[in-house]
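Participant: Below you will find the structure I want to go over with you.
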Amino acid sequence: MSFRSLLALSGLVCSGLANVISKRATLDSWLSNEATVARTAILNNIGADGAWVSGADSGIVVASPSTDNPDYFYTWTRDSGLVIKTLVDLFRNGDTDLLSTIEHYISSQAIIQGVSNPSGDLSSGGLGEPKFNVDETAYTGSWGRPQRDGPALRATAMIGFGQVLLDNGYTSAATEIVWPLVRNDLSYVAQYWNQTGYDLWEEVNGSSFFTIAVQHRALVEGSAFATAVGSSCSWCDSQAPQILCYLQSFWTGSYILANFDSRRSGKDTNTLLGSIHTFDPEAGCDDSTFQPCSPRALANHKEVVDSFRSIYTLNDGLSDSEAVAVGRYPEDSYYNGNPWFQSTLAAAEQLYDALYQWDKQGSLEITDVSLDFFKALYSGAATGTYSSSSSTYSSIVSAVKTFADGFVSIVETHAASNGSLSEQFDKSDGDELSARDLTWSYAALLTANNRRNSVVPPSWGETSASSWPGTCAATSASGTYSSVTVTSWPSIVATGGTTTTATTTGSGGVTSTSKTTTTASKTSTTTSSTSCTTPTAVAVTFDLTATTTYGENIYLVGSISQLGDWETSDGIALSADKYTSSNPLWYVTVTLPAGESFEYKFIRVESDDSVEWESDPNREYTVPQACGESTATVTDTWR
């Protein structure tokens with residue numbers, strides 16, 4: 001008997017389910033369109049071809065087109081790293097049009113790393129300079145410097161792309177171009193992590209949870225990347241455990257302290273951002289790295305979110321089980337203190353991450369630390385471990401999903417009618433405020449949307465790096481700095497038929513390496529003898545030809561957890577942003593385990609909320625598992 005028949009017999013398609021689907025379908029539809037808006041807006045803010053940033057050099061990520069009240073027409077190392085990491089993940093999942101943007105960014109950072117600035121030069125602290133002019137020159141005005149999260153985040157972004165290159169056999173590009181740049185940033189992190197600097201909001205000069213968390217991640221994955229390119233990072237290996245040891249000191253017993261050396265309460269979305277940007281899909285609910293589903297991170301989520309409930313008029317009358325608009329920290333006075341789009345989206349994203357982790361491990365645990373978080377959403381919550389097969393688990397997961405979606409719905413409500421996202425929205429009337437078209441806001445939308453759809457990045461190695469010494473030590477280590485000039489990208493990665501010369505100049509002299517490549521196309525497979533890695537996950541794009549009418553939406557459901565375990569309310573929404581009358585294409589890209597076999601179907605949610613299943617039989621698919629094969633496409637037609 002088909003799954004569709006079973007549904008009919010069990011009576012699952014009822015008014016209650018229709019109401020759930022109605023709310024989800026409305027948000028799904030907006031997110032499908034908004035994701036396209038966000039991707040376009042990000043590219044509009046990247047030089048040299050970005051429509052909104054005339055004058056910015058190639059590959060430079062501009063924070064916002066706003067040049068007055070406030071003037072954000074600069075490039076920040078932190079923001080750029082976070083944005084490019086988002087694009088790298090999209091590229092890994094099949095958005096190959098982003099290739100040149102990522103390459104141009106990496107090339108620009110080779111220049112930026114070598115620019116002398118008020119924080120120093122390449123090997124004397126200059127990598128901690130927070131922002132630069134869009135023409136790749138130093139900004140010399142007064143500013144909160146240094147900011148030590150930037151090099152770590154830039155390293156993470158470049159490692160992500162470097163790993164894609166390695167997974168597809170392009171070892172020379174990863175080794176000769178990406179690794180020397182990453183090595184510089186890892187050297188900075190290892191040398192300066194134990195020194196104070198300004199936090200991500202550029203206001204507190206002290207020690208910041210977000211900074212320390214992303215520094216730990218960068219050194220862990222940096223060491224693994226070094227090994228993958230045939231090198232090593234001893235300074236990564238010696239400092240990562242000490243950084244993790246220090247990270248534990250931010251836990252107060254009930255929430256994560258955002259900054260030492262601050263007179264504030266310490267409740268700050270700095271900590272939510274730290275959790276989501278160190279999320280590892282292979283990790284458990286580990287308190288030591290404050291994984292999104294960990295008791296500490298969930299308790300902190302409640303404390304931070306609740307700190308905004310009473311201070312914004314927008315949040316009046318909302319219960320503890322309802323999402324609210326979220327700002328940076330409750331004492332904020334910038335623009336009179338308002339909710340931020342990226343902060344509100346971070347609150348949602350942490351919960352989507354947690355849902356993914358619970359689903360993967362097949363259970364959730366409630367401890368004394370996290371009990372208040374769960375009780376606010378499910379009054380019957382009690383300490384214990386609940387299997388995914390239990391009714392309590394299902395009820396809690398449903399409540400958390402609804403809570404998470406509530407934050408995204410707030411963003412939908414206050415986004416401009418054309419989808420534009422500024423930095424902030426007014427705490428009283430919800431109107432957009434501060435810098436327009438903030439690049440980070442758009443990146444936050446894309447990452448939250450991906451996590452909502454169970455599209456996750458690769459592991460960064462948390463499971464092998466979650467222990468620390470018995471006694472913390474104030475240490476540092478010296479690495480290797482070298483200037484890098486990228487004259488062009490190899491044809492196997494870029495446009496074909498080019499010659500690449502990467503020149504690396506270190507403190508001990510000059511080492512030049514040249515590579516001539518004759519591969520004809522960026523889509524061809526390298527024929528070199530370089531070893532090739534078999535990916536553990538594959539980005540599978542489902543292309544469906546289906547003629548629809550206005551108000552209808554298409555979802556993908558299937559027999560595995562990534563496709564909702566046949567639950568229609570957990571189906572994956574397809575996008576129609578490429579739909580035309582001559583080519584009615586719906587599509588979605590989902591990251592699935594390599595070698596996984598499963599059954600699936602598409603469903604159509606009508607404008608009246610009714611659900612229509614495809615005709616039988618169930619479709620079947622096995623995810624490829626082969627050397628260098630990290631993407632795949634399935635082409636179907638509605639039946």
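In case you wondered, yes, glycine gets a Cβ from its N, Cα and C as well.
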Participant: Under Swiss-Prot, the annotation region 'Disordered' belongs to which of these stretches: 406-431, 614-639?
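Facilitator: Going through 406-431, 614-639 one by one, Swiss-Prot gives region 'Disordered' for 614-639.
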Participant: Quick one: among the active-site residues Asp199, Glu202, which has the most Cβ atoms sitting within 10 Å of its own Cβ?
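Facilitator: For the active-site residues Asp199, Glu202, the Cβ with the most other Cβ atoms within 10 Å is Asp199.
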Participant: Using C-alpha atoms only, work out the spacing between Ser466 (O-linked glycosylation site) and Trp143 (substrate binding site) and round it to an integer in Å.
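Facilitator: Per the Cα atoms, Ser466 (O-linked glycosylation site) and Trp143 (substrate binding site) stand 35 Å apart.
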Participant: Can you name the recorded positions among Glu202, Thr475, Thr485, Thr487 whose CA is within 10 A of the CA of Trp143 (substrate binding site)?
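Facilitator: Qualifying among Glu202, Thr475, Thr485, Thr487: Glu202.
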Participant: Tell me which of the recorded positions Asp199, Glu202, Thr485, Ser491 ends up closest to Thr475 (O-linked glycosylation site) in space, Cα to Cα.
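Facilitator: That would be Asp199, the closest of Asp199, Glu202, Thr485, Ser491 to Thr475 (O-linked glycosylation site).
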Participant: Do you know offhand how many angstrom separate Ser491 (O-linked glycosylation site) and Asn418 (N-linked glycosylation site) by C-alpha?
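Facilitator: Distance between the two Cα atoms comes out at 38 Å.
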Participant: Count the Cβ atoms, other than its own, that fall within 10 Å of the Cβ of Ser466 (O-linked glycosylation site), considering every protein chain shown.
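Facilitator: Summing over all protein chains shown, Ser466 (O-linked glycosylation site) has 19 other Cβ atoms within 10 Å.
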Participant: Among Glu202, Thr485, Thr487, these being the recorded positions, pick the one whose CA is nearest to that of Asn418 (N-linked glycosylation site).
Facilitator: Glu202
